[in-house]
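Visitor: Pasting the feature list from TrEMBL:
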- 16-267: domain 'Glycoside hydrolase family 65 N-terminal' (DOMAIN)
- 323-682: domain 'Glycoside hydrolase family 65 central catalytic' (DOMAIN)
- 358, 359, 595, 596: substrate binding site (BINDING)
- 487: active site, proton donor (ACT_SITE)
- 692-753: domain 'Glycoside hydrolase family 65 C-terminal' (DOMAIN)
Ligand code: BGC
């Protein structure tokens with residue numbers, strides 16, 4: 001753990017000194033995004049020390065040629081990645097002709113703040129370049145109102161001289177991915193143009209042998225200054241376009257430029273119209289003016305917070321953590337575009353290639369269900385429905401029936417090359433179906449199953465039916481050769497979580513087919529499921545093998561787990577953690593250490609099927625072996641810890657999930673933020689501390705309060721009812737802000753909620769201290 005910024009503020013991330021040693025970490029933390037595009041917190045001006053310049057556009061990806069040691073049949077052909085794209089924030093600054101390089105200048109004062117309430121990144125610093133002192137103030141935002149627009153205002157005040165300031169705003173699409181497999185560039189230049197106060201670059205992703213879509217992007221800039229330039233020249237060459245603006249400055253005077261950039265792509269427009277379209281945006285926005293454009297953007301953020309904010313009283317670290325998580329999650333995805341999804345690093349880095357993982361369904365969907373309009377969650381389901389044909393092809397490639405959704409994808413094709421992940425982590429298929437259950441159960445929109453969901457449910461059931469085998473000796477169905485969510489154990493037999501999920505998917509498919517038959521005989525069987533197939537699914541699900549240990553009275557993670565050498569994490573000598581940075585892969589795989597929730601993931605998904613005692617026994621057994629080296633892990637453990645009244649552990653794990661990046665718990669945030677696990681803090685508060693459960697079409701709460709919090713509150717959107725939940729040391733208040741009543745269970749008692757209910761908080765005397 002390493003907290004870089006320890007000036008803690010509830011709404012802001014504050015950096016009060018320039019960071020040289022951990023600049024990449026600072027860049028990750030200060031990332032900005034608006035769902036359409038985003039970037040790491042790089043500086044506008046020159047910085048010649050270590051830095052990872054990164055700017056990414058949602059849905060633009062490139063199939064990089066794969067690298068594997070020894071090719072095997074069925075391997076994915078390419079490794080998909082979001083290409084690092086045009087650097088459009090660049091503004092070089094010269095003071096009397098000398099470049100301002102923050103790595104070389106004397107930086108006397110430095111302050112940077114990410115204002116999460118308003119979605120604005122600002123910087124202020126004093127720099128001394130050969131005796132000439134300036135004070136710079138820089139503001140940047142990516143408009144949430146006008147998605148294709150980014151704006152920067154750069155102001156310079158001369159503190160001790162008269163002279164000139166030169167601003168060189170530029171666009172540069174000669175950008176490479178750090179993780180390019182063969183150090184190749186993914187962009188080719190199409191055209192560049194420049195003129196006084198304007199410039200654009202157009203670049204296209206290289207043709208590729210895999211026949212995936214080629215994308216063209218256009219970045220177009222328009223510059224405004226606060227006074228007439230002394231000189232204004234421009235230049236463009238391959239990949240690059242710049243303006244050069246020289247402004248006279250007197251001591252104590254401030255000069256400034258505003259750089260508006262519109263980014264248009266062939267995802268939304270015809271290639272021939274990219275420049276024209278971006279010009280339209282620039283014209284509209286520059287006419288509106290900086291203040292209006294900024295206000296529109298801030299208002300849009302404020303509106304999001306009105307429904308989504310979680311307030312924590314008495315714990316500023318926890319408060320900052322949850323807001324940071326929601327801020328970065330919404331910066332990556334707010335559901336406006338069903339073609340997009342949520343990459344594990346969002347727009348903040350290259351690891352995981354920006355592709356879609358099971359993370360979306362398992363971790364992010366519940367948050368969007370709770371805080372955003374239902375269409376946002378529906379779009380996430382539609383994304384997978386649109387890729388069903390490819391999932392069917394994917395199963396076929398492996399010699400299996402039905403649909404196997406990829407572990408890593410952009411267009412529905414598997415595009416990652418680690419065998420144990422792509423071929424073995426088939427549990428992800430269950431999460432795609434679980435998401436349909438979760439969505440329909442939460443929203444009440446069962447029409448979705450009729451319209452689209454049933455296609456996915458049926459094809460996934462077919463997959464499981466072909467992936468199991470009958471063990472004749474025991475007369476039970478088994479699933480061998482898988483990797484469960486715990487990636488620190490590969491090629492295991494009968495991973496309980498996978499088997500349980502497969503069993504559930506088969507039953508869920510049968511129940512839905514039966515329901516559809518009752519509801520609407522006409523449309524039910526577009527997937528041609530016959531009686532025999534249904535019977536087979538029922539037979540498999542009723543005879544699925546689920547490893548269990550009678551003596552310990554626990555679920556067994558997989559067949560061999562209990563035969564391992566069982567050492568608890570607390571007994572590991574110092575310096576071993578994180579294992580993935582200190583141990584060989586071989587040692588990790590043989591060990592008992594669990595990367596992330598596995599058995600517990602199943603108990604979380606099917607929380608209504610297991611008693612509190614069962615959860616406690618399994619939690620107490622597995623948690624001591626869990627290293628939580630996947631950022632997805634702590635939230636699930638925190639939720640179960642709350643349920644079993646281990647509030648001390650729940651709080652510890654909440655902090656780990658909410659401040660994972662701010663405190664760099666896993667020592668890898670310099671690669672980018674853990675965007676998909678940003679949902680974990682919300683889950684830990686709403687489903688953990690507040691005990692919200694929505695199984696079986698009912699809404700339940702069982703709020704608890706960590707001891708060092710004075711209270712917390714949040715809003716929840718449930719079946720078109722907007723509810724506000726407030727918890728403090730005395731009581732629990734739930735207000736219904738819509739005009740129809742709703743049934744709610746609180747601590748097991750049923751209430752008809754018209755307006756509001758206030759009941760005393762139930763304090764379990766056995767609670768541990770937080
Ligand atoms: C986790 C996976 C996850 C992936 C992307 C891995 O470290 O083990 O469960 O899907 O990261 O977040």
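Sequential numbering from 1, following the chain as shown.
The backbone N, Cα and C atoms fix where each Cβ goes, and this holds for glycine too.
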Visitor: Suppose you look only at the domain 'Glycoside hydrolase family 65 C-terminal' (692-753); what would the mean pLDDT be?
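Guide: For the domain 'Glycoside hydrolase family 65 C-terminal' (692-753), the model's average pLDDT rounds to 96.
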Visitor: Max Cα-Cα distance in Å among 358, 359, 595, 596, the residues listed as binding substrate?
Guide: 16
Visitor: For residue 487 (active site, proton donor), which of the listed binding-site residues (358, 359, 595, 596) have their CA atom within 10 A of its CA?
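Guide: Of 358, 359, 595, 596, within range: 595, 596.
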Visitor: Please list the DSSP helix, strand and coil residue counts for the domain 'Glycoside hydrolase family 65 C-terminal' (692-753).
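Guide: Helix (H, G, I), strand (E, B), coil: 3 helix, 36 strand, 23 coil.
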Visitor: In the three-state scheme derived from DSSP, which category covers residue 359 (substrate binding site)?
Guide: helix
Visitor: DSSP on residue 596 (substrate binding site), three-state: which is it?
Guide: coil
Visitor: To see if you understand the setup: which same-chain residues, six or more apart in sequence, place their Cβ under 8 Å from that of residue 359 (substrate binding site)?
Guide: 342, 344, 632, 676, 677
Visitor: Taking the Cβ of residue 596 (substrate binding site) as the centre, count every other Cβ atom within 10 Å, in any protein chain shown.
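Guide: Here the count is 23.
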Visitor: Write out, in the order they occur in the sequence, the residues of the chain not among 358, 359, 595, 596 that have a C-beta within 8 Å of the mean position of the C-beta atoms of the recorded substrate site.
Guide: 357, 362, 485, 487, 597, 630, 632, 633
Visitor: Provide the number of Cβ atoms within 10 Å of the Cβ of residue 358 (substrate binding site), excluding the reference atom itself.
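Guide: Result for residue 358 (substrate binding site): 23 neighbouring Cβ atoms inside 10 Å.
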Visitor: How many neighbouring Cβ atoms, not counting its own, are there within 10 Å of the Cβ of the residue listed as 'active site, proton donor'?
Guide: 21
